[in-house]
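Asker: Okay, here's the structure, questions in a sec.
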Amino acid sequence: MKKTVILSVIDGLGLREEKQGNAFKLAKTPNFDKLFNEYPNSVIQASGDYVGLPDDQMGNSEVGHLNIGAGQIVYTGLSLINKDIKDNKFKQNAKFIAAFNAVKKNNETNTLHLMGLLSDGGVHSHEEHLFKLIEAAHENGLKNVSVHVFGDGRDVAPRSILTSIKKLEAITKKYNYAIGSIMGRFYAMDRDQIFTRNEQALEVMMGKTTNYFTNASEYIKAQYQKDISDEFFIPAINKDYLAKKLNLKDNDAVIFYNFRPDRARQLSHLLIQSNLYNYQSKNQVKLSNFTSMMKYEGLDTNIAYEEMKITNPLGNILAKNGLSQLRIAETQKYAHVTFFFDGGNDVLYENEERILIDSVKADSFADYPEMSAAGITDTLIANLGKYDVIILNYANPDMVGHTGNLKATIKALEFLDFQYGKILKAIEKTNHTLFITADHGNAEITEDENGNPATKHTTSPVMLIVTDKNLKLNSGTLANIAPTILDYLKIPKPKNMLDSLIMNNKRTSK
């Protein structure tokens, strides 16, 4: 009988023995217990140099799906940029120099705006890249540089930005530059097409606000006193900076230093007035230069760093071998099972279909821990037997885990466990084999050792479970999963892919 494969990627669920703050261990998960006890499984590394990130760097959804789909270790923005910094090439990047030169055409009145997530989390950005850009701007003779700070509090601790702000205050003071505005990523980095949030961020950068600060650190402390954490800082502008007319205006230049694109695209769309979305901003500015750290898919920007090219990911190999495939995800992770899974390529393969399940629009997914998992499961079950390979993503462990709400994350995992129970029942006595993995850790550390919320990703390994009892699996990395699936389907893997994790000497055919 012809084998068919379901690859289910759980977003943000690592493996960890300790129970403290571990939503996975604390949740009641009879179906996961059955999967681990009755089926072949192994441990998969999903962080650091195992997935093309710096040593000990936590994994993330983009990198995870890139590695799973590529079948090889993908060196991503953070690694590429850090290498250039180490090799003293970063400041000589031609796209940065072009942005500097655009400002210097009228150095007295034009301003360079550096915007992005101020964090050492390394998921969307890294603060070291910002500091090097500031140094480079000074070395190139720029008079006016403004930094627009996006608070993180999600990929790092919820109230951790003051350490980074102190560094930024020191370097901007050294070169007589400014912290122009402060806002939470909730506003500046929305990706759910809630453009009112992006508009609020843009209006503040343009000076269209009466919410002021004069000292960045003091403003942040005041936000904390109102129980507002880094992610949700109310957008505010530096009053002194506004008085000097250094707000975002025509003929200024922007370098958006986030290297991860998904949460940078909407704000960038507003800034360059692209055609990517139907929404057009009422707040328009004519920039002399807009440079993005990496490619922001669908936007015409000056790209400082090109991503590693993945030309033959799993989806392409399946298509070339005549197999049909279906991708299923909700809005929050749809790009991950399509664009990122396909190596950063926006392509629809022959015999490929995609189904998008709408995410709940919510200020906090802790209020909706189930998210759209049930819709994903129902869609999967309705399409069994119609495709050779089905690839899907469950978003709720990651998105709810990011809230740091342990009880809600437990609920998310118990609901996810119920989904796997439904899937196991549906594929019983069929030729479908379920591969379950995760892209990175998160939900297994939802509280720190002091009981405080933990909202960031982790360096924990993840699972690989295969519902074929005839197999035995080696341990490996996320990049081993695609060749394992190809091996299982008896399709030769490309030379650039890593090895299959199936122990051939233990395997018997059905």
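Note: Cβ is positioned from N, Cα and C throughout, glycine not excepted.
Positions annotated as active site, phosphoserine intermediate by Swiss-Prot, on the basis of sequence analysis: Ser61. Look at Swiss-Prot and you will find Asp11, Ser61, Asp439, His440 tagged as Mn(2+) 2 binding site. Positions annotated as substrate binding site by Swiss-Prot, on the basis of sequence analysis: His124, Arg154, Asp155, Arg185, Arg191, Arg260, Pro261, Asp262, Arg263, Lys333. Under the heading Mn(2+) 1 binding site, Swiss-Prot lists Asp398, His402, His457, citing sequence analysis as support.
Can you tell me where each of these features sits in this structure?
Answerer: Sequence-distant contacts of Ser61 (active site, phosphoserine intermediate), defined by Cβ-Cβ distance under 8 angstroms and a gap of at least six in the same chain, are Asp11, Gly12, Lys333, His336, Phe340, Asp398, Asp439, His440. Classification of Ser61 (active site, phosphoserine intermediate) by DSSP places it within a helix.
In three-state terms derived from DSSP, His440 (Mn(2+) 2 binding site) belongs to neither a helical nor a strand segment and is classed as coil.
Sequence-distant neighbours of His124 (substrate binding site) (same chain, six or more apart, CB under 8 Å from its CB) are Gly116, Leu117, Asp155, Met189, Asn258, Phe259, Arg260, Arg263, Ala264, listed in sequence order. According to DSSP, His124 (substrate binding site) is assigned to coil rather than to any helix or strand.
For Asp398 (Mn(2+) 1 binding site), the Cβ neighbour count at a 10 Å cut-off comes to 29, with all displayed protein chains included. In this structure, Asp398 (Mn(2+) 1 binding site) is part of a helix by DSSP.
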Asker: Quick one: pull the CA-CA distance for Arg191 (substrate binding site) versus His402 (Mn(2+) 1 binding site), whole Å only.
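Answerer: One finds 15 Å between the Cα atoms of these residues.
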Asker: Starting from the Cβ centroid of Asp11, Ser61, Asp439, His440, which together make up the recorded Mn(2+) 2 site, report each further residue of the same chain whose Cβ lies within 8 Å of that point, ordered by sequence.
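Answerer: What remains near the Cβ centre is Val9, Ile10, Gly12, Ala46, Gly59, Asn60, Gly64, His65, Lys333, His336, Asp398, Ala438, Asn442, His457.
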Asker: Rounded to the nearest angstrom, how far is the Cα of Pro261 (substrate binding site) from the Cα of His402 (Mn(2+) 1 binding site)?
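Answerer: Cα-Cα, rounded: 19 Å.
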Asker: Sequence gap of 6 or more, C-beta under 8 Å: which same-chain residues meet both conditions with respect to Pro261 (substrate binding site)?
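Answerer: Expected: Ser292, Met294, Lys295, Tyr296, Glu297.
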Asker: Hey, which of the binding-site residues Asp11, Asp155, Asp439 is the loneliest by Cβ count within 10 Å?
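Answerer: Each of the binding-site residues Asp11, Asp155, Asp439 was scored; lowest Cβ tally within 10 Å is Asp155.
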Asker: Please work out which residue of Arg191, His440 has the most C-beta neighbours within 10 angstroms of its C-beta, and give that one of the binding-site residues.
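Answerer: Selected residue: His440.
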Asker: Relative to the Cβ position of His457 (Mn(2+) 1 binding site), how many further Cβ atoms are located within 10 Å?
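Answerer: Excluding its own Cβ, His457 (Mn(2+) 1 binding site) sees 31 Cβ atoms within 10 Å.
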Asker: Other residues near the Mn(2+) 1 site, CB within 8 A of the CB centroid of Asp398, His402, His457?
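Answerer: In sequence order, the nearby non-listed residues are Asp11, Gly12, Asn60, Ser61, Arg154, Asp155, Pro397, Met399, Gly401, His440, Asn442, Ala443, Thr455, Lys456.
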